[in-house]
């Protein structure tokens, strides 16, 4: 069709087009030919490289003794240089059917006998499967990560075909201790914890020769996990979380999320759970409940509210008595867990954990000032920590209604991680300066400037009040003699689809010690504790979380250079007369 | 000028007249027109691939096995054979298309895959920090399926300039490339971005840009790579680790150990051990596994095989009379051969690690189908009626007797 159309066109046009077409075609053909030597050159380079490999072997890059000694991955130690993650030469069990080199049977004994001997060393091996694999005559790994004594016993079987090549492997000498902080390594890549955060540093050949120290103290971590675990088991709690924070530097001295996992032996069940379990709000074991799970932490928020009110000058006279009858607001009634009398002053309200008085104080303070204090304490954003798994808080937005202000004042309607709470408590007691939490070791004098949230004297007042809660109030079982512990309990009902569930609690104790010169914040949290004999059939924090802290502090105090001293304490003589003793 | 323009243009037309052909006759014509040498080389490559995956599969299966799931050592071979069966069907089906149908298919494929690439950042799934996959029952990388379509679409755009010399074809193909590269870098996927740029370069080169422009393009390419190095973390890491060389136990080092473990003739089928320590043994580093189990001779064989395929197609392209088919075939082979040689050079530690598979040899899942589509389109484009007489000078005449033609 085109042919006829072109015939009728002006003669010069199609001729020029045809001419152009031929020219373009010729250029394209010539250049296509030029591509051939280009590809051929690449092929020749590849072939020459293969030939040089075949003739010379690997290009011999001279390796100094230093390079030979360089670990394949940098070690991680705690703040005192004790190993948390290191490399070791593991053995593998490799079946090499050609080892005998005589072309006959690859094994001296029958495959079934060899399999039986192997199964005697490694009980988890499937004997029939191993026998079938040996009989197949195909080279393969029978098992990875053998201990040296296991390797010796395999050697003693006397089968040349069972070879034991040494392989570099990552090893966590403390087992599951600090598993969530450390993470694990798979295929040479760090996952989850500091193995992931520090991956570049740990694999960098110029840096990995030196171990990397992190802020954790192994001994404190061990004590924290031990006490949390005991406390968790004694009240049949579903999980537990704890953190020990340096109040002046923000260093995380210990951080534990239970149940933990063993980074030496990651199981599929550690990493994922079924959909049915996920629907129930369960999380896999690798989930770090200190940094990633948000909870309504309940009454532990009351000291934050009171501090904001004192700081703003709303609470000036601590002897002033507030109405303690239930508050009716926006169609809801906010009440105390039990009747604490008609009126309470602020110290009494904290000691006995009164929702109503805290709510009335917050009401006087107003939503803006409470919101700004909470935000200054970092509770509106993900927690500051290096770990990749950081949970976003459930923050009630920018415009707080009256009822929101009142419920937030005692820790409901806002959900944060336990680490958020620990950082906020550090600011509460350290003179009023909030600093980000860190897992890196902070050299003396190098701590971040932080931001001032409370005045010095507000913080001093809060130290007195927190101490009084532990001496006279709900925190008495945390009051380890001589350690001047101060802290606040919190028992919050867990929310579910149909409102709060009365029987499922999150009980928390947030503490600091020693109160006359606070050095460390300790937060212990139990997820769904049950009433057991150990807790006198109570579910609230005073009976399960506070005792954990009471047992933990005497164990970690001496390790952290805090000596018990019964003759020293923070001066609370000005507040003591304000406490009536007739409230139960 | 002694050429009749009418016939020159008529030869581009599809044959539509004549009596209706039986199915059998159509098949016969297809078979006569097919480049048998190329088909034979492709089938040989597929066979090599099956053997290589059989060798590498235990390593990949071992790596993916956990305490609860133990994969069959030949897991990846069985999967590969399934994908390959679909791929061969796709390849033969596409090879039967006429040039026009192949072009239309490729254009539709390109449009669809560019749309899918736009969707990837929105609904894609993330693997190893890069968002490249779409999940439609089975997961696939749109960029893999864009590859065959892209070369042909660009060749089609370039061929417009024959109809109208004033058409801004250079700007159009460059714009198309910029769109694709932008989408790829968002994933991020530097390896494929480089590959697409290579295809584009071959097409503008063949499309007749001047020598000075070529020099300018090369300079711009070097500048872009330098920019990528400075602002693109992943690329910098890989290039750094390539030049710092020999950092113990990294992927490149492990690949080289595997490649060299077998010497000239290999340790033997299913006897290799180094492969078990290699991540991506069945995909990116399958060439090294071949080196361990079948020896360096087999590696050289694979290099020669790819070289033969590339040279065969380019030879055929250089004697082609249809501008579009010439460009499309050259672009397609630049893409397939480029990917193969980049992978081989990575395995030989001559090129920074790029995360690119060896076409038809690596286990690729759904991307095997994409590569088969590429070869199918290539077979369609290189099909030629052996009884037609040439309109222009043949290859020999063009090279040695050019003046006569003019």
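Any Cβ shown, glycine's included, is placed from N, Cα and C.
All annotation found in TrEMBL is predicted automatically rather than curated by experts.
Since we're looking at a predicted model, the values are computed, not measured.
When the ranges B:1-18, B:127-144, B:145-162 are checked against TrEMBL, the one recorded as transmembrane segment is B:145-162. Between the transmembrane segment (B:360-381) and the stretches B:36-56, B:76-98, B:105-125, B:294-311, B:323-348, Cβ pairs under 8 Å are most numerous for B:76-98. Taking pairs at least six residues apart, the transmembrane segment (B:193-209) and the transmembrane segment (B:36-56) share fewer than three Cβ pairs below 8 Å and do not count as touching. Within the chain carrying the transmembrane segment (B:169-187), a Cβ under 8 angstroms from the stretch's Cβ atoms is held by residues 114, 117-118, 120-121, 124, 130-132, 143, 146, 150, 153-154, 157-158, 160-161, 193, 196-197, 200, 203-204, 207, 209, 232, all 6 or more beyond its ends.
Contact between the transmembrane segment (B:323-348) and the transmembrane segment (B:76-98) is not supported: fewer than 3 Cβ pairs lie under 8 Å, counting only residues 6 or more apart in sequence.
Long-range contacts of the transmembrane segment (B:145-162) within the same chain: residues 102-103, 105-110, 113-114, 116-117, 169, 172-173, 176-177, 180, 192, 195-196, 199-200, 203-204, 206-208, 323-324, 327-328, 330-332, 334-335, 339, 370, 373-374, 377, 381, each at least 6 residues beyond the stretch ends and with a Cβ under 8 Å from a Cβ of the stretch.
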